[in-house]
Amino acid sequence: MSKVHVFDHPLIQHKMTIMRKVETGTKQFRELVDEVASLMAYELTRDLPLTDVEIETPVTKTTQKMIEGKKLGIVPILRAGLGMVDGMLRMMPNVKVGHIGLYRDPETLEPTEYYLKLPTDVAERDFVVVDPMLATGGSASDAISSLKKQGAQSIKLACLCAAPEGVKRVQEEHPDVDIYLAALDEKLNDHGYIVPGLGDAGDRLFGTK
Ligand code: URA
């Protein structure tokens, strides 16, 4: 079974609370998503392998650590996932960015893929699929399946806010994918919104309704 990491750092909790407030406007919401994504990137990369390098400081020669040059990729689920990309890129400026677009089929209610563009060397990269909201888990699970179909071997899922239902579905369908969250909320309501949640993340990010 995969692990679920909920970041309970005070900075993240504080920023999430402001994001949840109904009166928080698009500009501030967008900035906060970006900031929380940066803070999450810090935790997401905690297990990156380090290697010894010989360097010279102004004082002496020394052996120090640097990241081993692991290939990483971020894959936002369109469209709300886009809000988390810049924040993560600030911490990991060399990563490649793929994109995946899914829409909910009005008849089956299942997510259907309409866009997929990934870096060419899929099998050699560690991917982080990003989407602010993990609600039913349908889109995240399908996005992960699409990546696996293209040859991805190592995938993490990073979301700001999740319902237990979504976590359960992803864990059941992808027991190899660890889930990173800024908040694990109470439940889904009858309209598929996370409770207490923060509303429609895409609309709040882009100022649409
Ligand atoms: N998608 C959102 O943007 N918000 C929710 O609460 C659930 C799904």
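Cβ atoms here come from the backbone N, Cα and C positions, even for glycine.
The Cβ neighbour count for D131 (5-phospho-alpha-D-ribose 1-diphosphate binding site), using a 10 Å radius over every protein chain in view, is 29. What TrEMBL records for R79, R104, D131, P132, M133, L134, A135, T136, G137, G138, S139, D200 is 5-phospho-alpha-D-ribose 1-diphosphate binding site.
Under DSSP, A201 (uracil binding site) is assigned to a helix (H, G or I) in the three-state scheme. The feature uracil binding site is assigned by TrEMBL to I194, G199, D200, A201.
Residues or ranges marked as domain 'Phosphoribosyltransferase' in TrEMBL: 6-208. For the domain 'Phosphoribosyltransferase' (6-208), the model gives a mean pLDDT of 95.
Separating the Cα atoms of I194 (uracil binding site) and A135 (5-phospho-alpha-D-ribose 1-diphosphate binding site) is a whole-number distance of 6 Å.
A simple way to gauge crowding: the CB of M133 (5-phospho-alpha-D-ribose 1-diphosphate binding site) has 26 other CB atoms within 10 angstroms, across all the protein chains here.
If you draw a 10 Å sphere around the CB of D200 (uracil binding site), it holds 15 other CB atoms from the protein chains shown.
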